[in-house]
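K.L.:
The structure that follows is given in the form of structure tokens.
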Amino acid sequence: MNIDGKQAAAELRVRLAKEVDALQSERGITPGLTVVLVGEDPASQVYVRNKVKQTREVGMISNEIRLDESTTEEALLTILAELNIDDTVHGILVQLPLPKHINEEKIIATIKPEKDVDGFHAMNSGRLLNGEKGALVPCTPQGCVILAKHHLGDDLSGKHAVIIGRSNIVGKPVSILFLQENCTVTIAHSRTQDLPNMCRQADILVAAVGRPEMVKADWVKPGATVIDVGINRIELSDGKTKLVGDVDFNDVSPVAGAITPVPGGVGPMTIACLLKNTVEAAKIYGK
Ligand SMILES: Nc1nc2c(c(=O)[nH]1)N[C@@H](CN(C=O)c1ccc(C(=O)N[C@@H](CCC(=O)O)C(=O)O)cc1)CN2
Ligand SMILES: [Mg+2]
């Protein structure tokens, strides 16, 4: 069966709209998210447009700062410093990837951790690792856990989660989140020996490698829950393009107990969890 990320994201947004209402009436706070986009990458433009639209739909304040591709690192750092001290801004998100001449790590480190709704700042990853309260947790990993629970129920205890991929943005944080759910966690990657066999041990298989349709049916234990984080645009023989995940959906679907489609799986949850983090930031740190 398919796990419907669009539906799950819509349900989360309904809940968030109520929380925004409560924050306004009880504390006079309207959560505000500012998204910064540097350059004209077409995919980034679509994601930013969707973020702005959905932020407004749940009743939050949304600001968008669009900067030219040639914007200097210094200019971007100055803008972030201003947003850091603006009390109407509870969440700051710099859309990635950034142009090559800008150092992403430096940019992420400059965002005030309390406003880092991407959860990429070292302070937030440290808090997540230590299990401390107040951590803003990366959005895509949160979405993966929510979708796994949609199918398996809230108790993931004892399940073997195999994560393919070890990025700071998805692989590492999603591993920590499944560990917090009392799963047994394996992080697999390009150097893992006999990767298909390792994946076949998974009750929950998370594919976050960025390789189109890499995971095949014989990599998956019958009945496993498969969470596909990949978003790859591939060219077809007729010259048209198509969006596919890291999992070969048609091959794996008959074997898996449940699987997230691409599009319509983890992607929509990434944006819904961004709104969730902004509400969270306003609740904990808002004035
Ligand atoms: N600062 C950040 N930059 C990037 C992040 C991020 O979390 N923070 N993640 C990705 C892009 N991204 C959000 O920014 C994102 C990607 C995809 C989707 C999504 O809903 N995808 C749809 C398909 C859309 C399409 O047709 O292209 C789906 O999967 O159904 C949402 C958000 C990199 N940058
Ligand atoms: Mg994110």
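Placed from the backbone N, Cα and C atoms, the Cβ positions cover glycine too.
Annotations for this protein, taken from TrEMBL, read as follows:
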type    : residues               : note
BINDING : G165, R166, S167, I231 : NADP(+) binding site
DOMAIN  : 3-118                  : domain 'Tetrahydrofolate dehydrogenase/cyclohydrolase catalytic'
DOMAIN  : 138-283                : domain 'Tetrahydrofolate dehydrogenase/cyclohydrolase NAD(P)-binding'
K.L.:
Around ligand 1, within a Cβ distance of under 6 Å, which of the binding-site residues G165, R166, S167, I231 show up?
P.N.:
I231
K.L.:
Got a sec? Which of these binding-site residues, G165, R166, S167, I231, has the most Cβ atoms within 10 Å?
P.N.:
G165
K.L.:
Determine how many residues of the domain 'Tetrahydrofolate dehydrogenase/cyclohydrolase catalytic' (3-118) DSSP places in helix, in strand and in coil.
P.N.:
61 helix, 19 strand, 36 coil
K.L.:
Rounded to a whole angstrom, what is the largest C-alpha distance between any two of the residues G165, R166, S167, I231 that the record assigns to NADP(+)?
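P.N.:
So the maximum pairwise Cα distance among the NADP(+) binders is 16 Å.
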K.L.:
Of the residues in the domain 'Tetrahydrofolate dehydrogenase/cyclohydrolase NAD(P)-binding' (138-283), how many are helix, strand and coil by DSSP?
P.N.:
54 helix, 30 strand, 62 coil
